[in-house]
Structure formats: structure tokens, C-alpha cells
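Participant: One structure coming up, written as C-alpha cells, with questions to follow.
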Amino acid sequence: MKRGSPLTPHPHPHTALQADLALLPGGSHTWPQRGVRKGGVLTGQRQISHHLASVVSLWPDICRVCRSEGTPEKPLYHPCVCTGSIKFIHQECLVQWLKHSRKEYCELCKHRFAFTPIYSPDMPSRLPIQDIFAGLVTSIGTAIRYWFHYTLVAFAWLGVVPLTACRIYKCLFTGSVSSLLTLPLDMLSTENLLADCLQGCFVVTCTLCAFISLVWLREQIVHGGAPIWLEHAAQPFNAAGHHQNEAPAGGNGAENVAADQPANPPAENAVVGENPDAQDDQAEEEEEDNEEEDDAGVEDAADANNGAQDDMNWNALEWDRAAEELTWERMLGLDGSLVFLEHVFWVVSLNTLFILVFAFCPYHIGHFSLVGLGFEEHVQASHFEGLITTIVGYILLAITLIICHGLATLVKFHRSRRLLGVCYIVVKVSLLVVVEIGVFPLICGWWLDICSLEMFDATLKDRELSFQSAPGTTMFLHWLVGMVYVFYFASFILLLREVLRPGVLWFLRNLNDPDFNPVQEMIHLPIYRHLRRFILSVIVFGSIVLLMLWLPIRIIKSLLPNFLPYNVMLYRYWESSHSDAPVSELSLELLLLQVVLPALLEQGHTRQWLKGLVRAWTVTAGYLLDLHSYLLGDQEENENSANQQVNNNQHARNNNAVPAVGEGLHAAHQAILQQGGPVGFQPYRRPLRFPLRIFLLIVFMCITLLIASLICLTLPVFAGRWLMSFWTGTAKIHELYTAACGLYVCWLTIRAVTVLVAWMPQGRRVIFQKVKEWSLMIMKTLIVAVLLAGVVPLLLGLLFELVIVAPLRVPLDQTPLFYPWQDWALGVLHAKIIAAITLMGPQWWLKTVIEQVYANGIRNIDLHYIVRKLAAPVISVLLLSLCVPYVIASGVVPLLGVTAEMQNLVHRRIYPFLLMVVVLMGILSFQVRQFKRLYEHIKNDKYLVGQRLVNYERKSGKPGTSPPPPSSQE
């Protein structure tokens, strides 16, 4: 309820009532005393009720909005459930308030207001045929006009724009003058129309992404600050918010801290912090910045006005001249206007410009360079000639821009220097993004594949043949695998930060830090820093793959020669004598159902278990190597208050404490990660032979990772193979099924153990009670799973097979074969899709039931509700859809005496025929509703003169409201 709403009741009813009583004639009114029990009855409350009723009956009926009484011209209505002083309202006041609040119901009782139409007295009982025909013609004309307009919009955006982009792209990269001369005719050509439109959509998407990235990069430079070597002429604000000439006073806090530090290294057992790499990097940045300032000092003193000119030029790049009130509907032409034609022209021009600047020029620069250097044949053999050539062109363009920027700095061309610097930043950031997002995951993916060849009984020759046959798909799959590996590695690092002491992982960037901006690092840090970081990342990630994949595979092949390789090739099923061919076609579906979805659903438990294991390993390693203070800090030994006091006063109390430069940054990162207040960098106790202990810690960590990898590679698959052998015997099964089965068994075992351990302190009786409750819940869950995950998908898949698949794939002279396992798997996918669409659609009974089942969950599962409201109706509808056509085709049609061919035709085509009948009935029902709406629309346009507010009347069986005043009954 909004504050000050006219529909809001008085916030203090007793005070308002006392004031009203004081205004009424008849002397003063006093409140009765608080209820006193006499004979079991609260007489005081009864007196209050009678007194209030008598007082309220004396009040005149007034409008809740304008507080005026009703008149014959403006009668009062009671349109909702509200009573008392807010019961009545004028229709004009209500309409005005509804326009203001944009709501159609009362904000207090949530009752929807109702209006009855008032028609002209000369309206006939039925509309004349000429009025209906005129309204129908008008509606058809409006529909045709909108159809022409939207067709033009679709033709412009989905035809002209992508086709123009594709034809211009091909013309520019053909490399002949004749293609430029025949470009107007190529625009009108109808050859390869659909393929060119699809390719043009991809080109337009790339150009739009490039444009958006350029604008976003400009925002990053404006708000985050440009590099100092680009902005030093105008003396802009630095990162700390001060001018560069004020930096020694307030901008070099780190240097001042470093100057105050003693030069001696800390003692062995002193409390220390660590950040040597950050200190070296900071020193390098400061040295570079000082060199740039020294070189540019003379220029700044010679020409101070050029700085203002540069600021004006930079502000000219602010593309903030967007049209006012430009919405997506107006821009795309969905509002009915033709302004979108201008936008189409600008989009085509923008596409052409971006193709020319960001694709054509770099490609030809790289092409001429590679031809001149003699690397053209090697590039063509890579199957990615265009991409590699363009990247080489961008690299040469970046080198050229930085050389030209240096020359412009020497000759004092300030405008040219700034423009060249901005262009260099754009090219530099683009190349770094390609390396970080494209090249690095691709290297990780290929390295993972190479290290796991023996696990799948593959060779490098097989991978080479796969790459030669489908280079694009192969590269994409390896890139995807590398991205998944990088993502899970980063997730594990975030989990380590939650366990370890703040500052242990100082050499890794904190991705949870909101101040961490990789684009700003790409803008400000030099290229050699990024190159060094890239090489270190490749070494670290590659070493982890060797440790956790290649080495365990070698150990497994030595200890268990018959365990590897994993059976993941589809052709193995076709060679087997068992009927496993239909199962092999469902690998993708079962991958989604058996691996991805359970991983998402059980991510919380798995993460907590992994975090507990990491904490236990850290505590063990800390006590074995006397590194508990280094790994976990001293929080467990001291209280939080005492620890905080130590952190606040560590500089004053500990003379041996030498915090390193940059510890404030580490403390800020950890504070943000823990989502708490600002905490100081947590110190630690440095034991004797600290480097040796760190080396032993790394060795212990490698051994632990190796053992964990061995367990993960063998235990689930071994358990799954053993369990699946009871079902399939000696047949070879896809390891997807065995691994999924083994993972489920391991997860259930660990889950049961953790639950029992949590129940142990509660006693035997409580354990028996909880086991009984969980057993009942498991039985209910199994029944629901059999119905909703077994019967319903099977019936749905079988119906889909009979309606869609069999009529399209099997001729009439052949008998269709049905595989229940395949129908069930496809039915599960269809059921999930139908459930998702239902939940996204409008409110109806199926959506309400599904939402209620989701809200109850497994712990509060209601078997009776699910069976009665969900399973029984759905299964009944599916069974009727399957049985009724079969009964008609097999029981009724033969009684009519038709031929065998006709019986076969009816039996095979009755399911799609009935589907068409249902769809046709739905279309007819929709058209009837539309015609009724059209009829009401024509009647309202021609004869409607107004609307009258409808009074609220309680339903029968409930106490009725007081009769409305005479002025409101019309």
C-alpha cells in the first residue's frame, strides 16, 4: 500500500473514532472500561461493540476519496468488500484513482471492481448484418495493414540487412575488381538466398557485438581511466583520484609504507605477511610510470593548451546523442511507423563500415605479410586460414600503432598521438580477449585430450583424422572441454579461499573481488606482463593435468591392466550381438538426464563435502608440518574479540612484525570474499626451516591429488560395472551408464553415512523414528517416481512415436517396431519440455498442481495429492489418447466391412488424423472466441454510451451487506 493512498484506511482508528464522537451531537462520549468478566462474558467488549455500532449508525455515508456525501447526480457505490468509513465511493473518484494507480482491484480487500456497460436506448437486440459486415471489413483491413507492415519489417530486418551484409562481405573478400562492379546485381540475385541470409545473420551479429564491445571499452576507459602514457599530457586524475603532480602527497601510499619499512628481512619466528610478486609488479609499474612522466614533462610544460584540446577531442568520442524516447518497438518498426527504414539504412552502413575496418583491413594486412614471409602454405594447411590471417593482421596493426604513437610523441602531434593510443588500446584488448577466452581454453582442451588418449584407447593419428574430417567441430569440442576445466579449477580456488587463511593464495587473483576488473588490467598493464601471466597459467594448468590425469592413467595401466580403456565408442554397440543399438542413440539424452541434472541438483551437498575434506586435509597437513598458523591462522586458538584486538594493535605491540607491501589489498580481497567488514591482513607464525616445510607441503598436496584422482577414475566405474553386470552380463556397456550408476551408489553411500553420523548423538529411539520417517518418505518417492518418471514418460513417448515418428519414417507396407526403452527416454525429454512450458505459461490447473508439488518438495511429499491431482488425470488423458484410436481402428472399422488395405491405412493414420482434428477444433474454438470479441467490439463502438459501477453483493449463505443508499441504486 502506498503512503498517502486515498483507499488506505485511517492509521489510528481509535483516535479517529474519538474525534468523530466528539463532533457528534449529544454530549461527550467516553470509552467503556476494558473488559471485565462477569458470569463468563466479557461485558466490556460487548459494551464497546454495541457502542461502536450505535455511533457508526449515526455517521452519514461519505466517499472514501473526496469525503463527500452522495447526491442524485453523483451517487455513492459500495464496489468491494470493505466496510465502515471506506465502504462507499463515487464512480468518478474511483475511475480517477484507478487511472492514477493503474490497478483494477481494491488495494485493501483485493476485490476486483466491476462495471456494467450502458448502451444507447435505440440499440437493437441483435446487431444488423450490415453493422457486423462493416466491422468485419474494418477489422480485416486493419489486420491486412498490420500484416503488410510487419511483413515489411520482417523483410527488412531478416532479409535486407543480413543479405546485404553477406553479399558485401563476399564482395570484399573475393579480391577481384569484377566483384565490386557486379555488387549491385549480386544484391538482387536469388541464388543461395537462404544460406546467404543465415550467413549474413552471423555477420550482423558479429558486427553488432563488435560495436557494443567498442562502446563498452570506451566506457571502461572513460570511467576507469586511460593508461598514464596516454593521459599524461592533460594531467588527468590518476586511479587514486589525485592529479599526477599530487601523487607524492596522497597517491603513493604504498611507496611511503615501503620507505618506512626496515630493510632487514624478518626473523624466523616473526609474524610476517607475504606478497613479493605484487611488490615486484608494483615496483615495475611505478618505474614505467616515472619514465613516462619524465619523458613527457617537457611536452606538458611547453604546450599546456593541447591537454584541453585533447580533452575536447576525447569528449567528442562520447556517443551520447541517442534519439529521445527511442524504444525497441520504435527502432525495429513494431510501433506501426516507417521510421525503422532509417535505422535499417544505418545498420547496413554500420555493418559495411565494421566489415571494412575490423575484418577487411586486418585480413589483407596479415595476408600480405604471410605471403611476403612465405608462410602462406602452412596457414592454408591449418583449415583456419581466415582466422589466423586476421589475427596476424591485428598483431602487425598493433605493432604499427605503437610505433606510430611513439613517433607522434617525438614530433609532439598530440591529437594524432591520442588517436593512435586509443586505437592501440582497442586492438590490444581485442587480442588479449581472444587469447584469454579462445586460445587458453583451447590449449587446455587439447592437452587434456592428449594426456587422456590411453584412457580411451586412442592415438594421435585418430585425433589427426578427426581434425581433418571436421576441423571446426573438433576445435569447438576441445575449446568447450577446456572452458569446463578452467571453470571448475576457478571454482575450486574459490572454495580454497573460504578455508585457508587470508593471504595464502596471494599469487592468485580473487575473482570474487568486485574491484577486480580484468578489462582494466588489459588496458593498463603492459604486454609482457600479460605474456608472463599467460605462460605461468599454461604451466600451472598443464602440470595439474599431468598430475591428475596422465600419471594416474599410467599407474592404473600398470596395476590394473584390464581396467582401461573406457568403453565410449558407439561402434562397439553395433558390433555386439545384444539389442543395444537403440540405447546407443540416446547417449546425449542420458548424458543430460543422468550426469548434468544430478550434478546441478546435488551441487550443494557435494560442495559442502568437498569443503569439509579440504578443511580436514588442511588441518592434518598443518599439524604434521607445523604450518597450522600459516594455512589456517590462529583464529581457532583465540577468541574473535581477542583476535580482532591483536589485528588492530599488531603494529604497536609486536616489534618484530614486518607486514609486506600490499597486505591491505589482500585483506580487502578476503574481506570481500567473506562478505564481512574490513579486517586486517591476518599474520601467521613462521616456523623454523619454513621453505623446506613449504616444499614438503607441496609434495604432500601432489600425493593427495594423485590418490584422489586414482579413486575418482576407478571406484565409480568399477562399482558401476559390477552392478550393471547383473543386468547385462558380459556385454560391454557405455561407460556413461557405468560411471553414472557408480556415482549414484557412491553418493548414496556417503549421504547415508553422513546422515547416520548426524543422528548418532540423538539416541537409538530417535534414530529408529527418523529411519521410519525416511523409509516412508522413500516409499512415497518411489511410487511417485514410478508414476511420473516411469509411466507418464513411457505413455508420452509411445504417443509421440505413434503420432509423429511412425507415420513419417515407416511406409504403409512395413510394420513399425517400438522400443520401450527408447520411447521412455524420449518421453522423459518431452515431459520435461512440457513441464517447463507449462510453468512459463498462463495459470491453469496443471501449472497450479506442478507448482504445489515443487513447493512441497521430497521431504513434505503428499502422495495422495500427487496421485489424485497430477498422476491420475495425466495418465488418464494419455491412456485415452492411446486407446480410443486403437479401439476405433481395431474394433469399429473391421465391423464396417472395409478391405484389409483400408484397415491398415486407418490403423496407421488414425493417430495423426485425430491430432489434426483436435488442432482444427482448437482453431475453430479460438476463432469463435475471436468472433465474439469482435461482436462485442462492434456493439461497444456503435452503441456504448458509458459504464456504471457495480455494487458488491455477498453470495448466498453469507451475511449480506447493508443496503446501498437510495442515491446509488440506479
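Cβ atoms here come from the backbone N, Cα and C positions, even for glycine.
Feature table excerpt (TrEMBL):
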type     : residues : note
DOMAIN   : 55-116   : domain 'RING-CH-type'
TRANSMEM : 193-217  : transmembrane segment
REGION   : 241-310  : region 'Disordered'
COMPBIAS : 277-302  : compositional bias 'Acidic residues'
TRANSMEM : 344-366  : transmembrane segment
TRANSMEM : 386-410  : transmembrane segment
TRANSMEM : 422-448  : transmembrane segment
TRANSMEM : 476-496  : transmembrane segment
TRANSMEM : 534-553  : transmembrane segment
TRANSMEM : 694-716  : transmembrane segment
TRANSMEM : 736-760  : transmembrane segment
TRANSMEM : 781-804  : transmembrane segment
TRANSMEM : 824-846  : transmembrane segment
TRANSMEM : 866-889  : transmembrane segment
TRANSMEM : 909-928  : transmembrane segment
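For the listed features, I'd like the structural context: burial, neighbours, distances.
Facilitator: Distant neighbours of the transmembrane segment (344-366): 156-157, 160-161, 164-165, 168-169, 172-173, 203-204, 207, 210-211, 386, 388-397; these residues of the same chain sit at least 6 beyond its ends, with a Cβ under 8 Å from one of its Cβ atoms.
Long-range contacts of the transmembrane segment (386-410) within the same chain: residues 295-296, 299, 359, 361-367, 369-370, 379, 416-417, 420-421, 423-424, 427-428, 430-431, 434, each at least 6 residues beyond the stretch ends and with a Cβ under 8 Å from a Cβ of the stretch.
For the transmembrane segment (534-553), same-chain residues at least 6 beyond its ends with a Cβ under 8 Å from one of its own Cβ atoms are 435, 440, 443-444, 447-448, 451-452, 454-455, 485-486, 489, 564, 702, 705-706, 708-710, 713.
Through the fold, the transmembrane segment (694-716) approaches residues 455, 544, 547-549, 551-553, 555-556, 560, 563, 617, 621, 624-625, 627, 738-739, 742-743, 745-746 of its own chain, all at least 6 residues removed from its boundaries and within a Cβ separation under 8 Å.
If one looks beyond the transmembrane segment (866-889) by at least 6 residues along the same chain, the residues whose Cβ comes under 8 Å of a Cβ in the stretch are 784, 787-788, 791-792, 795-796, 798-799, 802, 846, 849-850, 852-853, 903, 906-907, 910-911, 914.
Non-local neighbours of the transmembrane segment (909-928) in the same chain are 799, 802-804, 807, 884-885, 888-889; each lies 6+ residues outside the stretch with a CB under 8 Å from one of its CB atoms.
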Participant: Restricting to the same chain and to residues at least six past its boundaries, which positions have a Cβ under 8 Å from a Cβ of the transmembrane segment (781-804)?
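Facilitator: Result: 816, 818, 820, 822-828, 830-831, 834, 858, 861, 863, 866-867, 870-871, 874-875, 878-879, 881-882, 911-912, 915.
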Participant: Hey, which bits of the same chain come close to the transmembrane segment (476-496), Cβ under 8 Å, at least six residues off its ends?
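Facilitator: Cβ under 8 Å, 6 or more out: 438, 440-446, 448-449, 505, 508, 511-512, 541, 544-545, 607, 610-611, 614, 673.
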Participant: According to DSSP, how is the domain 'RING-CH-type' (55-116) divided among helix, strand and coil residues?
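Facilitator: Each residue of the domain 'RING-CH-type' (55-116) counted once, the result is 18 helix, 12 strand, 32 coil.
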